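**Student:** According to TrEMBL, the protein has these features:
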SIGNAL    1-15  signal peptide
DOMAIN    39-114  domain 'Cadherin'
DOMAIN    115-225  domain 'Cadherin'
DOMAIN    234-336  domain 'Cadherin'
DOMAIN    343-451  domain 'Cadherin'
DOMAIN    480-563  domain 'Cadherin'
DOMAIN    564-671  domain 'Cadherin'
DOMAIN    691-772  domain 'Cadherin'
TRANSMEM  788-814  transmembrane segment
REGION    912-932  region 'Disordered'
Amino acid sequence: MFTLFILLLLPYVSTFEYSLIIKEKSPITKSIYQFPHSYELLNNFQSNFNLTNNNKELILTKPIDRDYWCLQNICSCEHCSFILELFSNDNKTSPIFSTINITIIDINDHSCQFLDIQTNISLSESIQIGHRFPIARAIDYDSGMNGELSFKLLNNINYFELNTIKLSLNEYAIYGIIKHSFDRELNEKYDLIIEAYDHGLSQVQVNRTNVTVWILDENDNAPKFNQTEYSIQSLPEDTPIGTKLLTIQATDIDKGLNSLIHYSIITPPDITLFPFIINSTSGVVSLHSPLDYEKVRSYRFLIRASDSGLPQSLYTDTWLSISIADVNDCPVEIVFVPNRRFQYDNQTLFIYENTEINNLTLGYIRLFDQDSIQTKLSITLMILDKNPKQNYELILSNQINTYVLIVKQGIFDREIQQDINLRFLASDSLLTTIKDFKIHLIDLNDNPSEFPSNPMKFFVEELGNYHMKKNPIENFQFGIGYLNATDRDEGENTLNRYELEPNSFVKINSNTGQLSLIQPLDREEISKIVLKAKAINIAEPKWETEVQIEIEVLDVNDNIPQCLTSFNQISIPENVSIDHSLIKINATDLDYKTNGTINYSLRVNNSWPFEINAQTGEIYSQQIFDYESEFRNYLIIIDLEDEGYPIRNQNKNACQLIINIEDINDNSPQLLDDKQTSIFLDLQKPFINEIIVFNVTDIDSGDNGKIKYTLQTNEYNSLFYLYQNGSLHMTHEINQVSLFHLKILLEDYGIPSQQTIIHVTIAIGDTSIPAFSTFEKIQMKYLQPKSLGLILGLTVLIITFLLFLCLIITWILLHKHRRRHQAAIAARSKLLCSSSQQLTSSGSTNTTSSSSIENQQIANIVQIKPIYYDRRTSNSCTVNTSSPESQTYKILHIPHDNEYYMNYYQHEKVDNHSSDHGYHGSYETSASSSSTASSAQISVRHSYLVNQLPDFVTRCKSVNGGFLVEMNVDGSDEDQR
C-alpha cells in the first residue's frame with residue numbers, strides 16, 4: 001500500500017523511440033534529424049552528436065568513419081548501429097525519456113591495401129611444383145560488396161598462380177603457387193605484378209603491388225605449423241599479466257640451421273598497444289599488458305615461424321584469433337539530471353533558503369554500466385552531515401535504472417546549514433561507485449545584525465588629547481574603534497549603516513562604523529563616556545539593532561624615570577665578593593603599572609667588569625678586582641628607562657656612580673732578578689763590605705708594599721749583615737775559597753703580612769786559579785751530588801765494614817812492626833848524616849840518593865819554613881828557625897803537576913797537629929847548607945815532589961789530596977818520642 005501511495009504521488013513519465021539511417025562521412029553541423037520536443041542528450045556516442053535549434057535538431061559534431069569504428073570494434077562491421085538516450089522536460093508535469101536508433105551505412109571509399117608484402121621472396125630451385133608460399137595480406141576497410149576483393153596475376157603466369165584465402169569479411173591472405181620447376185642457372189629472378197579490385201557497385205577500387213621472387217639453391221623447405229589456424233575463445237579481460245596462453249608448434253624437415261625455428265608476431269598496424277608476446281624459441285604466447293574488453297573485444301594476428309637457413313631463411317605464417325570475454329570490471333556511472341527550478345553546476349545544486357519542503361523533487365538519477373554482462377544495478381543514498389535538518393529519499397522511477405531524488409520534510413536555513421553533503425553509492429553486485437553531491441543554500445535577508453557585546457567598550461589614551469593640541473590638522477579624526485556589527489546573512493544582506501546619539505565628544509562614520517574624537521580628552525577631567533548607537537540593515541527588511549558604547553580614557557607614558565640621588569661615590573676592597581651587590585640605585589617614575597616600571601642599564605666600557613640587575617638596580621662585580629691593574633677608579637653611568645611605550649628615556653635622566661678600588665695585602669715581596677741568588681766574590685779584587693743590594697719589589701701600595709729584610713742563617717750572623725734597604729754586607733774579610741748558603745726572609749708590613757724566603761749562595765773564589773775561578777766550579781767542589789741515593793747508603797755500609805776489618809788487621813800489623821822499629825832507629829842516624837852532607841856539598845835542596853833502608857828511590861825534598869803572607873802587600877816573609885844543633889824540615893807531599901797546592905800552601909796558615917805516623921819505605925830528607933846564613937830566606941821550590949816520608953815524622957796535616965809533615969833531623973828527641 002505504501003508503494004502504491006508513492007507511485008500515485010509521482011508524475012507520469014512518457015517514452016518515445018526514433019530511428020535514423022545515415023551514410024558515413026556525412027557533413028557536420030547539418031541537421032540529420034528533427035525532434036518534436038526539446039531534448040537533452042543523456043549519452044553522446046563517441047561525442048559525435050549535439051542538439052541545436054532549441055535542442056530539437058540533431059547534428060554531427062565530427063565526421064563518422066564507419067570503417068575506423070569497425071576496426072576499433074566500436075560497432076559491428078556487418079551492421080553498425082547504436083542508440084542515443086534523450087530526456088525532455090518541456091511538459092513540466094511529466095518528463096519524457098526517449099531513444100533514437102542510428103544506423104551508419106558504408107560507402108566505397110577505400111581501395112585494397114596490401115599488408116605484410118613480401119617484396120623479395122627467395123625460393124629454392126628444387127622447390128616442388130604446387131608449393132604454396134605467402135606473398136601478402138590484403139584488406140579493404142569497406143563493408144559488404146565494397147569490401148569484397150578479387151586478385152589477378154598479370155605476368156609470369158606460366159610459373160606462378162595466385163591462391164587467396166578469405167580471412168574475414170574484407171581481409172584476404174595471398175599465396176603464390178608454383179606451376180613449373182625452376183632452374184636458377186637460367187633465371188634466378190621473377191618479377192610478379194599482382195592486381196586487386198573490389199566489387200563496389202557504383203565504383204570499383206583497384207590497387208597493384210610488385211613482388212620479386214629469387215631462386216635459391218639452399219633451404220628449400222619452410223616450417224609448417226601443426227594447425228592451419230590457432231584460436232583462443234573467451235579470454236577473460238582480467239587475465240593476469242605474464243599468463244601463458246598458448247604454445248605454437250611448427251616443424252621443418254630440413255636439417256641443421258635450416259630446421260632451427262624462430263617464432264615472432266606480426267603486429268597488426270592498427271593496434272597501438274599490442275598486449276601479446278611470443279617466446280621466439282618455445283613458441284609460448286603470453287599476456288604482456290592488460291586487456292580491456294570495453295576498448296578491444298577481439299584480436300587476430302599472424303604468427304610467423306622462420307627457420308635459420310642461409311643465405312635466406314624460410315618462414316610460414318598462421319593466424320591466431322583471440323576473443324576477449326567481458327568481466328564485471330567497469331563501475332556504475334551515476335548521472336544526475338536536476339529539476340529545472342534549480343541551478344546545477346559542478347556537482348552542486350543551488351536552492352534558496354526557506355524553500356518549502358513537501359516531497360520536493362530535486363532531480364533524477366540515471367545509472368549506466370558499460371559492462372556487457374547484465375547485472376542488477378542498485379543505488380543507496382547517504383547524508384554526510386552529522387545533524388541533517390532534512391529527510392531525503394530515492395524513489396525508483398518506471399524507467400529502468402532511473403530514480404527520483406526528493407526531500408520529504410525538514411527546513412532549508414542557510415544560517416544553520418549552508419551546504420548539505422549527500423553521497424550516492426551505486427553497485428552492480430560487484431563494483432561500487434561513489435559520487436558526492438552538494439546542495440548549496442542561497443542566502444535571504446532573514447536575520448538582524450548583532451554586536452559582539454552590549455555594552456561595547458573602547459579605550460583611548462590621553463595621548464590623543466596631546467596629539468590634537470600640539471599637532472592640529474584640519475579635518476583630523478582620531479579614531480577610537482569600530483562598532484563592527486555582524487550579520488549571519490551573507491553578501492548584500494550583511495551591509496549596515498550606523499547612527500550615534502548626538503554628543504560633543506565622539507562622532508561615527510555611518511558606513512564603516514568608525515568612532516572618532518571630536519575634541520581633546522583629558523583623563524583627569526573625564527575618564528569615561530557612555531553613548532547609545534544602532535546598526536540598520538540596508539537590504540529589506542531594514543533590521544535595526546541598538547547597542548550601548550562605553551569609552552574609557554587611559555593613561556599614557558608621559559613621565560621620565562628619575563634617580564633619587566643623581567651622584568654616588570663608593571669605595572670597595574679589591575677582593576670584594578661577586579655574589580654581593582656593590583650598591584643599589586634608587587629611582588622612581590610617577591607613571592603607574594607598566595609605564596612606571598623602571599629598567600636599569602649600565603653605560604660602561606665593554607672591558608669593565610660590572611653588571612646591573614635590570615629590575616632591582618643592584619650593581620654587581622663580574623670578577624675579583626686587582627688594585628695593581630691600570631684601573632683603580634671607575635665612573636659608571638646608569639641609564640633609566642620605563643617599560644611604557646614610547647620608552648622614557650635614557651640620556652636625560654642618567655645616574656652617575658664613582659667606584660674607588662681599595663688595596664689589600666694580596667701580593668708577597670718578589671726578587672726581580674734571580675741571578676742575585678748566586679753571588680761570586682773574587683779574592684783578586686779589593687775587599688768591599690757591601691756585597692749586593694737585592695732588587696726586591698711588592699706591587700701592593702702603602703704599608704702593604706713596604707719590605708722588611710731578615711737574615712735567617714744564624715751560623716753566619718757574625719760574618720754577614722743585612723740592612724733594611726736590601727744591602728748585604730760582610731763584617732770582615734775572608735781570604736780562603738769558601739761557599740756560604742744564606743736564607744733571607746722578605747716580609748711586607750701589611751696585615752696580615754705576606755712573606756717570601758729566598759736562598760742566596762755566596763761563593764768566594766780566585767780567578768787566578770782556574771779550578772776556583774767561577775761560581776759554578778766552587779759550587780761543584782763543595783756540593784756533593786744529590787743523586788747518589790741508595791748507592792751512597794750501601795757504599796757507607798760497605799766502607800764501615802771494611803774500616804772495621806782494617807782496624808783489626810792494622811792492630812795486628814802494628815804489634816809486629818814495633819819490634820822492627822827499634823832496629824831502624826840506629827840506621828836512621830847514619831842516613832841523616834849522609835843526606836846532610838850531600839845537600840851541603842851540592843848547594844841545593846834537590847838531591848837524589850841511591851841509598852835507602854829498603855833500597856827504594858828517595859823522593860824530592862822541599863825545605864819549607866813558616867811563611868806569613870800579607871795579601872795587602874803581596875809580600876812573603878820567613879822566620880829564621882835554624883840552629884847549629886838542630887834543623888826542622890816541613891815537607892809537602894802532593895800529586896804530580898798540581899801547581900795549585902803549592903800556591904795554596906803559600907797563602908794559607910797551616911796548623912800543626914801532633915801525630916806519630918811512622919811511615920816506612922823509601923824516604924828523602926833535605927837540610928840547609930852550613931855555609932848559608934841563619935837569617936837567609938828559604939825559597940819555596942814548586943818543582944820538587946815528595947812521594948814517601950821517613951818514619952820519624954812528628955806532625956802531619958792533610959791538605960786537599962796531599963799532606964804536610966814536620967820532622968827533626970838531629971835525632972836528639974828520639975829517645976823522648
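Glycine is no exception: its Cβ is also placed from the backbone N, Cα and C atoms.
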**Student:** Report, as numbers and ranges, every residue of the chain located at least six residues beyond the transmembrane segment (788-814) whose Cβ falls under 8 Å of a Cβ in that stretch; write 'none' if there are none.
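**Tutor:** Sequence-remote neighbours of the transmembrane segment (788-814) do not exist; the answer is none.
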**Student:** DSSP helix, strand and coil counts for the domain 'Cadherin' (234-336)?
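**Tutor:** Per-class counts: 4 helix, 45 strand, 54 coil.
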**Student:** Give me the DSSP three-state residue breakdown of the domain 'Cadherin' (39-114), ordered helix, strand, coil.
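**Tutor:** So the domain 'Cadherin' (39-114) is made up of 9 helix, 31 strand, 36 coil.
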**Student:** On the 0 to 100 pLDDT scale, where does the domain 'Cadherin' (115-225) sit on average?
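**Tutor:** Per the prediction, mean pLDDT sits at 87 for the domain 'Cadherin' (115-225).
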